[in-house]
Amino acid sequence: QHRDVEAFEALRRLHGTLEASVAIDWTRLDAEMLAEQQALTPADLRVPQVRAAVLTGAVLILAQEAPLGAAALVLAPLIVTDLGLGSGAIAVGAVAWLALALLALALVTRGEQLRFLRVVLGAVVAVLGATFLVAGVTLGGGAGAWTITISLTFLVASQSVLVLPACQGAIDPRIPPWLVEAQRRASATGWALARAGVLIAALLVVIHLGTSVLYWGAFVLSFASVVVVLLRLPRELKV
């Protein structure tokens, strides 16, 4: 209690009485919420609200990882070298994707509206990028190589700018307060496992089967992702 008073006085001197009161109230609420956190159990999944939120969380993980945007980013130097475009294309791609990463960081901290619509849009853009990716394989030559490079940029952009920022904390409001931390840990674990699986699988495909197979895999997975997203997320938009 004494420390609360000291904190309130410090905040009041910095920001004023009203702002200090609000900040202290939120801090106390967060502390109470943290003390009430429970583990997510199978019994919780029998609650329709919790089950729906967990299912939506799984769909969001699928939307983030299935189009292979992360794999395209990690394997970019290998892919560009395979296309014969040289170090200049690698440098241009690195600068473009760094800009996308900075934009994504800004959107994570600011974007709160229309989350699920942005996920749907990102999934659709990923399918378009993957479609042109396959078209680049059939074109061949310099035109095909640049088509593939631009398509990979679209693929990464759809994930970095639209899907990933929109997914951060998207289902927290749909989870009971005492399960929020458990849900966040489960989502983080699921996302990490999915990301690791995608990167390892993509690397193995490139090594043993070639980049063209990876492009077709990106197309198939992107299409599957957009189908699942369109089947699931419109229900969440109505909530």
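Every residue, even glycine, has its Cβ placed from backbone N, Cα and C.
Per TrEMBL, these features apply:
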type: TRANSMEM; residues: 52-79; note: transmembrane segment
type: TRANSMEM; residues: 85-107; note: transmembrane segment
type: TRANSMEM; residues: 119-139; note: transmembrane segment
type: TRANSMEM; residues: 145-167; note: transmembrane segment
type: TRANSMEM; residues: 188-207; note: transmembrane segment
type: TRANSMEM; residues: 213-233; note: transmembrane segment
For the transmembrane segment (188-207), the distant same-chain contacts (Cβ-Cβ under 8 Å, at least six residues beyond its ends) come to 57-58, 61-62, 64-66, 68, 70-71, 74-75, 78-79, 213-214, 217
Outside the transmembrane segment (213-233), at least 6 residues beyond either end, the same-chain residues with a Cβ under 8 Å of its Cβ set are 55-56, 59, 62-63, 66-68, 71-72, 75, 116, 119-120, 123-124, 126-127, 129-131, 133-134, 136-137, 148, 155, 202, 205-206
